[in-house]
Amino acid sequence: MTEGGSGQSPSAVGSGLVIAGVGYQWLYNGLNFLAFKVGGDAFHPLVLAALRFGIAAILILPFAAWRWQRHPASLRELAGAAMLGPVMLIGSQTLAIWGTHFLPAGVASVFGSSAPVFLALFAWMFLRQPPGARQLAGIMLGLIGLITMAWASSSSAGFRPIGAGMMLMAAALWAAGSLVALRLRLPDDPVVGLAAQLLPTGILLALVVWTAGIGSALHPASVPLQAWFALAFLIIASTLIGYAIFLALNRRASSLLANSFNYVAPVISLILSACFLKEQLGWGKLFGAGVTLVGVAIMVGARKAPHQSSATLPSKPRGNP
């Protein structure tokens, strides 16, 4: 429609869509950790991850096949996506689900927000790209905040150090995978690329669950309804819709906006976890979370090195997908 007919200019409509997309990013990434907690406590964390990525792969495959007709991918591009998927979705996302099983959801979200800190550290260590003063300040603040959060949470119910270690490892693997992705040739079409990541991930997780005999302990009738809702949320709102919005923001708005969830979503997760999961919030936790998120905000907002914004481009429908 014309501007006179709609009363809105195209730029105004575009800005509104960007704002809506950013808001969705903040909300679903904050809710991810609640879904990790509710679903991971009802299912085994590996079963939850296998169902999440396996069902998402089945749902997206027909759409990917249709898109393939217009945007076919080469064997090299498919191989790159198939290699990246297990690193990002098993090494990072599945580990995050498992780590949340040993932590309060709000605390897990703060540890999970440390990916930009690892991204800068790895770029410094392996790519010889030292951080600037602002980035270095962000790294130090992030580390101080995480140490404070761990100390303040160590005596609280539901906190186990192994969970914190898993969350930090998940964040580190996400950062490492992001840097590796810069050197891979991936499908140009985002739907084809996502399907190529999800399919091997779902198959590998299903094999692990079957080989370990974990699936035999699952009794669907005994799984509470809220856990099924958590699984449905992770499949649809996080893995499928969340990925599409994340990629659109990266391409059409800015990588900084698309990755702003790293310091907004944990705040949402802390608040919602206190409200709905009755998790305790003390001043020590709030201070540690605040320091960590300020450090992450500095990292995400730093514009010095282009690789740091582009390194976040691989799909991460998280609290990541």
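Using N, Cα and C of the backbone, Cβ positions are placed for all residues, glycine too.
Taken together, the residues of the domain 'EamA' (30-149) have an average pLDDT of 90. According to TrEMBL, the domain 'EamA' annotation covers 30-149 (among others).
Positions annotated as domain 'EamA' by TrEMBL: 162-300 (among others).
Residues annotated as transmembrane segment in TrEMBL: 12-31 (among others).
TrEMBL lists 43-66 (among others) with the feature transmembrane segment.
Sequence annotations record features per position, and here TrEMBL assigns transmembrane segment to 78-99 (among others).
Feature annotation from TrEMBL assigns transmembrane segment to 105-127 (among others).
The annotation transmembrane segment is assigned in TrEMBL to 136-153 (among others). A Cβ distance under 8 Å defines the sequence-distant neighbours of the transmembrane segment (136-153), meaning residues of its chain 6+ beyond its ends; these are 103-104, 107, 110-111, 114, 116-117, 120-121, 159, 161, 164, 168, 282, 284-285, 287-299, 302.
Taken from TrEMBL, the feature transmembrane segment covers 159-182 (among others).
The transmembrane segment annotation in TrEMBL covers 194-215 (among others).
The feature transmembrane segment is assigned by TrEMBL to 227-249 (among others).
TrEMBL lists 256-277 (among others) with the feature transmembrane segment. Beyond its flanks by at least six residues, the transmembrane segment (256-277) meets 18, 22, 25-27, 29-34, 37-38, 104-106, 108-110, 112-113, 115-116, 246, 249-250, 285-286, 289, 292-294, 296-297, 299-301, 303, 309, 312, 319 of its own chain at Cβ-Cβ distances under 8 Å.
Annotation comment: TrEMBL describes 283-302 (among others) as transmembrane segment.
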Quiz item: Taking residues 6+ outside the transmembrane segment (78-99), which of them lie with a CB under 8 Å of any CB in it?
Solution: 36, 39-40, 45-46, 48-49, 53, 108, 111-112, 162-167, 169-171, 173-174, 176-178, 180-181, 184-187, 193, 196-201, 204-205, 314-316, 318-321
Quiz item: Who are the long-range neighbours of the transmembrane segment (283-302) in its own chain, taking Cβ under 8 Å and residues 6 or more past its ends?
Solution: 106-107, 110, 113-114, 116-117, 119-120, 131-132, 134-135, 137-153, 156, 256, 259-260, 262-263, 266-267, 270, 308
Exercise. Would you kindly check 12-31, 105-127, 194-215 and say which stretch has the most C-beta pairs under 8 angstroms to the transmembrane segment (43-66)?
Key: 194-215
